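Copied over from TrEMBL:
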- 36-59: region 'Disordered' (REGION)
- 79-97: transmembrane segment (TRANSMEM)
- 188-552: domain 'Peptidase A1' (DOMAIN)
- Asp206: active site (ACT_SITE)
- Asp414: active site (ACT_SITE)
Amino acid sequence: MESDHPPQIKGVVIITLPPPDNPSLGKTITAFTLSNSSPTQTHQESQNQNNLPIQSPQNPQLQFPFPRLRLFHGVPRRLFALLGISIFTLVLFSHVFPTVVEEFRRSNDDEGPESFIFPLYSKLGVPGKKDVELKLGRFVDFDKENAGVSFGDRVKTQKVNKLVSSTAKVDSSAILPVRGNVYPDGLYYTQILVGNPPRPYHLDMDTGSDLTWIQCDAPCTSCAKGANPLYKPTKGNIVPSKDSFCTEIRRNQKPGHCKTCQQCDYEIQYADRSSSLGVLAKDGLHLVMENGSLANVNVVFGCAYDQQGLLLNTLAKTDGILGLSRAKVSLPSQLASKGIIKNVVGHCLTTNAGGGGYMFLGDDFVPHWGMSWIPMLRSPSMDFYQSEIVSINYGSSALNLGAWSSKARQLVFDSGSSYTYFNKRAYSALLASLEEVSTTGLVRDRSDPSLPICWRAETPLNCIHMECRSVADVKRFFKTITLQFGSKWWIISTRLRIPPEGYLTISSKGNVCLGILDGSKVHDGYTTILGDISLRGHLVVYDNENQKIGWTNSDCVKPRRFDSLPFFE
């Protein structure tokens, strides 16, 4: 509550003249401010600001605190001159290099697309099961004759109300909280509202998947009991086989595929050899915009009725997958095509023990400064977020990536993978470099089944009672891993630094485990896959509008909208 009597600030300037017998000493100027504000009140206000919660999507008023610029009296003129020169240089730089400093959108501009921010919710681990995810899904040829499920007579007909997408407040922002962790949960997920009336579904946030899908009662052939009841489609929800999205998901399949089908069947296979079978459906997606308004828009997603493999472990507490790739059928691409958002995806996963974070759709929450950007590689057959690395260093030692081929240098950003994967040569070189930790009192523990490489503390000097509670206990024994992009010349290259917290985890036995795995039998066997463990502590942005990927360090506690340069806030 604001005080009825705001503090009064007074400025005092004292000018002292030199003594008459020594005028060479010059004048002395002293400036200071006086305020009658209460220290207790200031302390209370500071505490209130620090305890602001992240707003959930159900709250129509998402608040974003902005620090105010404070002017201090008595600042030397040289400092003002230096600040003026800096501002002039920045303005000149923005005119010379317009692609570097982007035009700032006015906060009251409702003419263009905005953004949506999604919270990511936590998931309880399944006792006795390891949730080690690896997605990178791809559509495969579907055997319609052996599917055994037809929606023509199995779902009841229901009149579907036409959902009108927001037109008065287009280009908005959706913010969703993200919860979960790398170990023991193995994933990060968020909540969306689908249907009429809207029903909540918890979906695994996955930048390596094209199609968003929800377990559905078609009836369901093989489904895990998720966090919410199965989605129940009506006949009006089923997407026909002649729909453009059906053509899109079948673009890499054999021609002449089920020409007589009345529905659009699909099958997705993931890099961990799990799979999902279903049909395309269309229903209303309900999103709360950053400005508090509600967007209702029809989107196409998968009605998944047959899941196999490790997906069933994941679905014990979730309801499906949120596809965030570059594909036309992905959720951000569909919203962008309708003018709801700019085709930009961002996520921020905390390094806190409790996990969590947030993700957003749209460009309103992309920082205009402090970001490291690399070009996004395009592939005619795959829509992953990938780029090309020049080198990988452990400390100051370069790891051998093998032959200089395009495959060996490709790197994929995959929020659907729990851990990071190196190709065979780089992984072997990393293990050789990590042998030095044996001299620090950490010894290999082959009895720990959590991950392939784990160490236990041999002496209490490393961890309390020889059991480690966090990576902070042992990170001094490990070095930073640096991924270099762009150029071989260090000074002009772009680098992503992964500290020990970005590749180590603590197992249930109190051991330190390596969260980088051998990727020789994953995907194509050559590509480096950057998973959740290495993406934590960074705001990562996939800008499909400008074909680039960026990141910056962040605590990922709460999102922040950027409308101006930091010293103008």
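Note that the numbers count up from 1, one per residue, in the order the chain is shown.
Using N, Cα and C of the backbone, Cβ positions are placed for all residues, glycine too.
Because TrEMBL annotations are produced automatically, they should be read as predictions rather than curated entries.
In three-state terms derived from DSSP, Asp414 (active site) belongs to neither a helical nor a strand segment and is classed as coil. The two recorded residues, Asp414 (active site) and Asp206 (active site), have Cα atoms 7 Å apart. Over the domain 'Peptidase A1' (188-552), the average per-residue pLDDT in this prediction is 91. The secondary structure of Asp206 (active site), as reduced to three states from DSSP, is extended strand.
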